[in-house]
C-alpha cells in the first residue's frame with residue numbers, strides 16, 4: 001500500500017513476527033513485514049515512520065548469524081529491536097552478547113528504570129513474556145539501560161538517537177503492557193497517525209482493481225470459505241459481470257456448507273458461479289491413501305487440474321483472482337532459520353507456471369481479522385464472516401487414515417451435531433474453532449440389547465486469538481454429554497466419543 005504513514009518490520013525468523021504486525025495494525029497504523037536481508041537501498045528509498053527488528057532463533061555471535069547493515073541505524077527513523085532484534089542492536093554497537101547461564105522462557109517481572117518515551121504511562125513493575133537463551137553481558141556504546149529483570153538487561157535506548165531494544169516480547173498477550181508500549185513507539189516516537197481504516201482500504205482496492213483489469217474478465221476459485229468469498233464480493237463490486245467464480249465440490253466439505261452458502265451469495269450479490277461436481281474424482285484419487293501429506297498434495301493438484309479445465313472454457317479471461325491474505329505472503333518470503341515444516345500449507349504449491357492468467361490478489365495486504373471486517377463492510381452476513389476456520393483439504397484431514405464415502409458421511413453428521421449444539425448453547429462464537437475428527441479405531445459398544453462395533457470420534461474445541469498458540473476449550477460437561485449422546489444415538493457407525501484436551505503446543509489444532 002502506498003503510504004508514508006507506515007512501519008516496516010524486518011523478519012529474522014521469529015514465530016511471533018506476524019503478531020508484531022497484527023498489533024501495529026490493531027493501532028490502525030499500516031505496516032509491512034520484509035525479510036531481514038532486504039537490500040539497504042530499498043529500505044533507504046521507502047517512505048516510512050519507523051523500523052522494528054523482530055526476534056529470531058539465531059545467535060548474533062554465530063558465524064552464520066542473521067545480521068543487517070549497520071548503516072540502517074543512520075537512516076534517521078526510529079528503530080525498535082525485539083529480543084534477537086535487541087541483540088543485533090547491541091552486537092552492531094560494540095556490546096557483548098553471550099549465552100545465558102540462566103535462560104529466560106516464560107513469565108518474568110519487568111522493572112522499569114526510565115519511564116520516559118518508550119515506557120511512558122506504564123507501571124514501574126509489570127509482567128512480561130521472555131523467550132531467549134542469550135543476553136547482553138556488556139552494554140553497547142552510547143546506550144543506557146531503561147529496564148531490567150531479575151536475570152538480565154531487559155530494555156535499552158541510545159543516548160542520542162531514537163534506537164530502542166527490548167529483550168521481552170511486547171507483541172504477545174502475556175506481556176500485559178505490550179500494546180501500550182507499542183503504542184508509545186508507533187505514535188509518540190515514530191509520529192504515526194491512526195489512518196489504516198477498512199473503509200479506505202475497500203475504496204482504494206476497488207479503484208486499483210478497475211485500473212488493473214480494465215475490460216478483461218477475471219476467474220476466481222470460490223471455496224465457500226471466508227477469504228475467497230470476501231475476495232469474490234470485493235472483485236464483483238469493482239468489475240461486476242466481468243467476474244466468473246468456479247466452485248469445485250470435492251465432497252469433502254461440512255454438511256450444509258459450501259454450495260448452500262454460495263447459493264445465498266449468488267442471490268444476494270448477483271455473482272456468476274459455476275458449480276463443478278467432482279466428488280467421485282476426489283474419492284477415486286484418494287482411494288487407499290493414508291499419509292496426510294499425500295492427501296493434501298493429491299487434493300491440491302486435482303483441485304487445480306479441475307479448476308483449470310473449467311477456467312480455460314471462459315472467454316476473454318486474462319486474470320485469476322485469489323483470496324491470498326497477508327499471512328500467506330509473509331510465509332512465502334519469511335526467514336525459516338532452523339525451524340522444520342510441521343505440515344504443508346494447503347494454499348502452497350499451487351498453480352502451474354504456464355497458466356495463461358495474471359494474478360490479482362486484492363486481499364494480500366490483510367490479516368484474517370481485517371478480512372472479516374472487510375466482509376462485514378461489504379455486507380456479507382455476520383454469521384458467515386465469523387465462522388470458524390476450515391482446512392483447505394476439508395474433511396480429508398479430519399478423517400485419520402483412508403477416506404471413504406461412508407466415513408465422510410459419518411463425520412459430516414457427527415460434526416454437524418457438535419456445531420448445532422454449540423450454537424444452541426450460545427458458545428459457538430465463544431470458541432475459536434470446533435470440529436470432530438474420525439479415527440480409524442473401532443470398539444465394542446452396546447445399543448439397547450445389541451452389540452455394536454463402531455468408529456471412535458474425537459470432539460475438538462480450542463480457544464485462541466492468533467492460532468499460533470491455543471488452549472483446549474473448557475466446555476461444560478453437560479454440553480459434552482449431550483453431544484456424545486446425540487452422536488452415538490443418531491450417527492449409526494460411531495459408538496464412542498472422546499474429547500481432545502491437548503493444547504497447541506505441543507499439539508497442533510488439526511490432527512493432520
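In case you wondered, yes, glycine gets a Cβ from its N, Cα and C as well.
Residues annotated as domain 'Glutamine amidotransferase type-1' in Swiss-Prot: 6-195. Annotated active site, nucleophile per Swiss-Prot: 83, in sequence order. Positions annotated as active site by Swiss-Prot: 169, 171. The domain 'GMPS ATP-PPase' annotation in Swiss-Prot covers 196-387 and rests on sequence analysis. The ATP binding site feature in Swiss-Prot is assigned to 223, 224, 225, 226, 227, 228, 229.
Neighbour list (residue 226 (ATP binding site), Cβ cut-off 8 Å, at least 6 residues apart, same chain): 368, 371, 372, 375, 384, 385, 387, 389.
Note on proximity: of the recorded positions 83, 223, 225, 227, the one nearest residue 169 (active site) is 83, by Cα distance.
A count of other CB atoms within 10 A of each Cβ picks out 229 as the most crowded of the binding-site residues 223, 228, 229.
In this structure the C-alpha atoms belonging to residue 227 (ATP binding site) and residue 171 (active site) are separated by 25 Å. The most densely surrounded of the recorded positions 171, 227 is 171 (count of other Cβ atoms within 10 A of its Cβ). Listed in chain order, the residues near the ATP site other than 223, 224, 225, 226, 227, 228, 229 are 222, 230, 231, 323, each with its Cβ within 8 Å of the site Cβ centroid. Secondary structure at residue 228 (ATP binding site), taken from DSSP and collapsed to helix, strand or coil, is helix. Taking only the Cα positions, the spacing between residue 171 (active site) and residue 225 (ATP binding site) is 28 angstrom. The Cβ of residue 83 (active site, nucleophile) lies under 8 Å from the Cβ of 14, 54, 55, 56, 131, 132, 166, 167, 168, 169, each of these being in the same chain and 6 or more residues away along the sequence. Summed and averaged per residue, pLDDT over the domain 'Glutamine amidotransferase type-1' (6-195) gives 91. Proximity of residue 224 (ATP binding site) to non-local residues of its own chain (separation of 6 or more, Cβ distance below 8 Å) is seen for 247, 253, 257, 258, 259, 261, 262, given in sequence order.
Neighbour density at the Cβ, taken as the number of other Cβ atoms within 10 Å, is lowest among the recorded positions 169, 225 for 225.
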